[in-house]
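Colleague: According to TrEMBL, the protein carries these features:
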| type | residues | note |
| --- | --- | --- |
| DOMAIN | 7-47 | domain 'Molybdopterin oxidoreductase N-terminal' |
| DOMAIN | 51-504 | domain 'Molybdopterin oxidoreductase' |
| BINDING | Trp112, Arg322, Asn420, His424, Arg467, Asp495, Asn717 | Mo-bis(molybdopterin guanine dinucleotide) binding site |
| DOMAIN | 617-729 | domain 'Molybdopterin dinucleotide-binding' |
Amino acid sequence: MAPSQTSLTHWGAFTATVRAGDIASVRPWAGDADPSPALANLPGSVRHRSRITTPAVRRGWLDDGPGPTTRRGADEFVAVTWDELVSLLGDELRRVAHDHGNEAIYGGSYGWSSAGRLHHAQSQVHRFLNCIGGYTYSRHSYSLGATGVIMPRVVGTHDDLFKRSTQWDVIVENTDLLVCFGGLALKNTAVNDGGTTAHPARHALNRFRDRGGRIVSFSPLRDDVEGPCDWYAPVPGTDVAIMLALAHVLATEDLADRRFLATYCTGYDRFERYLLGLDDGTPKSPQWAASLCGLTAEELTALARRMAAGRTLVTVSWSLQRTRHGEQAPWMAMTLAAMLGQIGLPGGGFGHGYGSMNEAGLAPIRCALPRLPQGINPVSTFIPVAAVSDMLLHPGEPFDYNGLRLTYPDIRLVYWAGGNPFHHHQNLPRLRRALCRPDTVVVHDPYWTAMAKHADIVVPSTTFAERDDLSGSRNDPLLMAMPRLTEPYAQARDDYDTFTALARHLGVEDVFTEGRTSWQWLRHIYEKWMATLDFEVPTFDEFWAAGQVRLPTDDGLTLLADFRADPAAHRLATPSGKIEIFSAEIDGFGYDDCRGHPRWFEPTEWLGGRRAADYPLHLVANQPANRLHSQLDGGAASQSSKVAGREPIRMNPHDAHERGVTAGDVVRVYNDRGACLAGVVLDDGVRRRVVQLSTGAWFDPADPADLDSMCVHGNPNVLTDDVGTSSLAHGCTGAHVLVQVEKYTAEPPAVRAHQPPVLAPR
Ligand SMILES: Nc1nc2c(c(=O)[nH]1)N[C@H]1C(S)=C(S)[C@@H](COP(=O)(O)OP(=O)(O)OC[C@H]3O[C@@H](n4cnc5c(=O)[nH]c(N)nc54)[C@H](O)[C@@H]3O)O[C@H]1N2
Ligand SMILES: Nc1nc2c(c(=O)[nH]1)N[C@H]1C(S)=C(S)[C@@H](COP(=O)(O)OP(=O)(O)OC[C@H]3O[C@@H](n4cnc5c(=O)[nH]c(N)nc54)[C@H](O)[C@@H]3O)O[C@H]1N2
Ligand SMILES: [Mo]
């Protein structure tokens, strides 16, 4: 095994030195001008104390058999052999499928797992479950739950908004004004699904400024834009009101491009009646918006005029749609951009996800990616992904989704590989109750996350560093070899090998493996992919020896340029073939929380509402700068940001002072759903009455047997509301929540999040 090897994570490529079965150090990939600080989480990650060393079964499940229980998360575990694990789990899958049907297996298994096309955990688990008769699946993502449903109805696509976004070079050369709702957080551009080998955003913004470009940022956090910008910090959650006010100025000052609206859009007239208040008596004027958002009418009016005076790109971060009524922000921003009439012109129009993910602004590769075929799922039952607790708590009950009336299935077995619901889901006390309901919970993970601790059957997975794989990302020109860096730790196995053993136990080994080892699969998916290409790439052996292959990209793209150039030849995949400012279909669904055109809905969690009397601080639960989600929270980069051992909460000094709190204090953050401890950082770049606590600290209940226990480590999802964006999309709404903060005066309990649970020998 070579002591120094190149590989890749979702947050960047690197060369690692390997010592004593672990990553000893990493050096960023030479081609990466702006590597992620999260690379520093990798050294020591293979043999970290939070690794799962052995197959394990929860004591209560082993003694009493499957069934609903409140003991999940509180019981001890019993170490079992791999043979025992395979027969216990295989028999349980057979029992559930036989007695209740495959619909009773929830295999959505949402989560990012690791980069690597073959060992991608979700692909593996889906392929396996398809081989045994299928599973209830999930749709869309926590990232883009609202966008994924609304934008196909508005512009006929959501993927292409990111994959074929207006590229940085085009912005640098053409844009005068970037108006960014949710800022342009460079910390988030560290990451790309599937891996990323370059981080051009910071450099692009510098070049943009050098050319005279200006940035306007609407955000509760000043550092959502690094460097000079016009920073507006409105009341969080009022962006749609602000966009309406800007639109109102365009409409009433003859600044709207009516020719663009007539040619490329449908339904502007209906929307304009609402905008002008013709039916409800409330014009959505700057004065109206000012009373909601806390900015002045003059500021909004001046900005609207400025936007109409040059080449303007309106961008919306993904966070704006991860909140109740999250459909409205991207829809309204698209409408505002349409009124400016610059959609499809270089550097103008609409953008979604600059500063959310690295891919926005990057050139797409000119081919699909190699992939592990997942087979066909014979079960058609699904849920919108963020409805997982609703599903488990309400079997047999109907719910609305995107014009459909669906029914929650009766789930008996929950199967998770490659995700961490205790990271991603809202209202963790409610999730814990939901996880009491099924007969059996199965988790594959390399680490003892809170989800693994809540499982009945725990399967130790390898990390990407312990197996051979290849990368691939739709907006990254390099496909990289990801050679095994070291031996599998303790008894960890590749998910592929676990599923192969289970498939053998269940009599479908040939169907699952098609007779291939994982190394043979790697070659196979590369060669199958190669055969589909209309350009030359090296053979698999050449690729593996070289360590990478560079793929051709589509350069110089402007979003929707084709449509603008020829709207008949490039009809959008919407009912009208145009941008739907008014959607007759959505209107026809009759939902009271998402109507026929974008509009202002009063948020549920915001400083302007009644709830703020009890919980007067607006908590922004954004993405962590020093890690990806909950991954490698025990690593050096993540640990270096902790305060008093807890996740840092940033507060405005005034708000801290009012509470007798100072930097370095441990505070209790709470509302009526739950509470957590966090360590205080003071920052006047945080808007007053806003606090920021990123996601990703591993959930750590003070008393694991108490379903309502406080988290002593600082996971904001003990506080967030588990409610969908609307009846249309039912997307995740974890971005915002109202809280109160108080100094924690007792001795703070020790953080045990990264300790394994009690593990008894068989
Ligand atoms: N409050 C709030 N909540 C949020 C958000 C928010 O903004 N606010 N953001 C949401 C968003 S956008 C997202 S995408 C989600 C992210 O939620 P997740 O994707 O669930 O979070 P991760 O921490 O990436 O979880 C991945 C898990 O996979 C494991 N893993 C890694 N490699 C392997 C492997 O090879 N095999 C197996 N079996 N496991 C592996 C890791 O150890 C880790 O436990 O969180 C969501 N939650
Ligand atoms: N370093 C790092 N990067 C990541 C990730 C990570 O875990 N770590 N996760 C990746 C994933 S899976 C995803 S989906 C993306 C998510 O990308 P986003 O959802 O865009 O990311 P966030 O950090 O939640 O939000 C960006 C900023 O929006 C601001 N904001 C929040 N709510 C509002 C609002 O109502 N109005 C306004 N104007 N601003 C608001 C916040 O100040 C926040 O810092 O990030 C990706 N990038
Ligand atoms: Mo995400």
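Using N, Cα and C of the backbone, Cβ positions are placed for all residues, glycine too.
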Colleague: Near Arg322 (Mo-bis(molybdopterin guanine dinucleotide) binding site), which residues of its chain come within a Cβ-Cβ distance under 8 Å, counting only those 6 or more away in sequence?
Modeller: Tyr142, Ser143, Gly145, Ala146, Gly731, Cys732, Thr733, Gly734, Ala735
Colleague: Measuring CB to CB from Asp495 (Mo-bis(molybdopterin guanine dinucleotide) binding site), give everything in the same chain under 8 Å that is also at least six residues away in sequence.
Modeller: His119, Ala121, Gln124, Val125, Ala417, Gly418, His444, Val459, Ser461, Thr462
Colleague: So for Trp112 (Mo-bis(molybdopterin guanine dinucleotide) binding site), how many other CB atoms are inside 10 Å of its CB?
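Modeller: By my count, 24.
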Colleague: Other than its own, how many Cβ atoms are within 10 Å of the Cβ belonging to Asn420 (Mo-bis(molybdopterin guanine dinucleotide) binding site)?
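Modeller: That number is 25.
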Colleague: So how far apart do the Mo-bis(molybdopterin guanine dinucleotide) binders Trp112, Arg322, Asn420, His424, Arg467, Asp495, Asn717 get, largest Cα to Cα in Å?
Modeller: 35
Colleague: Far apart in sequence but close in space: which same-chain residues, 6 or more away, have a Cβ under 8 Å from His424 (Mo-bis(molybdopterin guanine dinucleotide) binding site)?
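Modeller: Spatial neighbours, sequence-distant, of His424 (Mo-bis(molybdopterin guanine dinucleotide) binding site): Tyr110, Gly111, Tyr142, His629, Thr695, Asn717, Cys732, Gly734.
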Colleague: Quick one: give me the count of other CB atoms within 10 A of the CB of Arg467 (Mo-bis(molybdopterin guanine dinucleotide) binding site).
Modeller: 26
Colleague: What counts of helix, strand and coil residues does DSSP assign across the domain 'Molybdopterin oxidoreductase N-terminal' (7-47)?
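Modeller: Reading the DSSP string over the domain 'Molybdopterin oxidoreductase N-terminal' (7-47) gives 5 helix, 18 strand, 18 coil.
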Colleague: Using DSSP, how many residues in the domain 'Molybdopterin dinucleotide-binding' (617-729) fall into helix, strand and coil?
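Modeller: Grouping H, G, I as helix and E, B as strand yields 14 helix, 32 strand, 67 coil.
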Colleague: Can you tell me how many other Cβ atoms are located within 10 Å of the Cβ belonging to Asn717 (Mo-bis(molybdopterin guanine dinucleotide) binding site)?
Modeller: 27
